[in-house]
Amino acid sequence: MTTVLPPLEDTDGLWAALTEAAASVEKLLATLPEHGARSSAERAEIAAAHDAARALRVRFLDTHADAVYDRLTDHRRVHLRLAELVEAAATAFPGLVPTQQQLAVERSLPQAAKEGHEIDQGIFLRAVLRSPLAGPHLLDAMLRPTPRALELLPEFVRTGEVEMEAVHLERRDGVARLTMCRDDRLNAEDGQQVDDMETAVDLALLDPGVRVGLLRGGVMSHPRYRGKRVFSAGINLKYLSQGGISLVDFLMRRELGYIHKLVRGVLTNDDRPGWWHSPRIEKPWVAAVDGFAIGGGAQLLLVFDRVLASSDAYFSLPAAKEGIIPGAANLRLGRFAGPRVSRQVILEGRRIWAKEPEARLLVDEVVEPDELDAAIERSLTRLDGDAVLANRRMLNLADESPDGFRAYMAEFALMQALRLYGHDVIDKVGRFGGRPPA
């Protein structure tokens, strides 16, 4: 049974004003027809009500984000992951973020028919991540291993293999070999893929028999690429159109979960030997690109220690085409490609082929397709060493400070939430429509 906590001391009256505004929004929604059936006047009326409530959410959280977070996490003694945090906030502070019931209704609808309650989650997460107290604590919570990974770990240590829906993980010769295996959809990303990837990354980092990690796409059954390896087609636009891409469980978890773990490692308890000098378990990572790395696939390459590509591969971040923000690529791509090429890729949708000179800004080695296997093994051997591990840690600290990443992700939380419900995004992905995923 959930319990609503006593309200915070509302000396400035912001909480009372917010709860009243949130109640007014719900009362108005109850009188209106479904999203797509509203008149222009009705759309303007509910937009104004949402805007007033959201302005109050921002003002309330600008002042009280730390107090809210401390209430939810027992003064930062409890580590809540993103989904747990927003669910706890919905219970403890009614009207601050959407309820589970509201979100369940939204999940049953295509993107174009949703009310956009996830925007309120974006407001909340931006405030939490902006905080120098709450933000680092949330990042640490997301660096901890998932319960699913901890459950699978003993079996993986024993057998060296785990088969999941979207990822096959095998330990061989000290290497954790992660193969993305959504063969029917070109490794397009969805919530299941994010969950499987985080589980696989956790297992690779936690297994003491693993020294280096490798990520590669598997062989496809998709008609256009049957029998060929493909790295990743990026976000599943069909699922986005159908309403199956979540702000918290996909877009935010992806960045703060397994991708951040590729950079920083997995955070462990203080009962592990050597914890005092290294609270996180980190390992070097190699990525090998066959075919293409589009969108989220290209974003991934920016956090790997070494990237290989077949000579016929290409890379793109079609953010302008899709209308959304390409994860943390806006933060990272400029370090590799410089400001001009970064803008061409992100703002104009430029595609970079592996044989172009600019590809060497993104890829360490380009080889003929039949030579890629051998190049992978050479790279894995090269990165297997304690000195590599220590230096990649220092390089990552110099390249991307934890506070800089946190500040970026704070703005990303709200900006991406707004993009999800932008009219241009809904129009662009509408051609991928269909029934919502089960």
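Each position is counted from 1, following the chain as shown.
Note that Cβ sites are derived from N, Cα and C of the backbone, with glycine treated the same way.
Listed in Swiss-Prot:
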- Asp183, Glu189, 222-225, 233-238, Gly296, 325-327, Gln416: substrate binding site (BINDING)
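A map of Swiss-Prot features onto the structure.
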residue	record	DSSP (3 states)
Asp183	substrate binding site	coil
Pro223	substrate binding site	helix
Ala233	substrate binding site	coil
Gly296	substrate binding site	helix
Gly327	substrate binding site	coil
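Taking a C-beta cut-off of under 8 Å and a sequence gap of six or more, Ala233 (substrate binding site) has these contacts in its own chain: Arg185, Leu186, Asn187, Ala188, Phe292, Ile294, Gly295, Gly297. A count of other CB atoms within 10 A of each Cβ picks out Asp183 as the most crowded of the binding-site residues Asp183, Pro223. Within its own chain, Gly327 (substrate binding site) has Leu251, Arg254, Glu255, Ile259, Gly296, Gln299, Phe412 as residues 6 or more apart in sequence whose C-beta sits under 8 angstroms from its own. Sequence-distant contacts of Asn236 (substrate binding site), defined by Cβ-Cβ distance under 8 angstroms and a gap of at least six in the same chain, are Arg185, Ala188, Glu189, Asp190, Gly244, Ile245.
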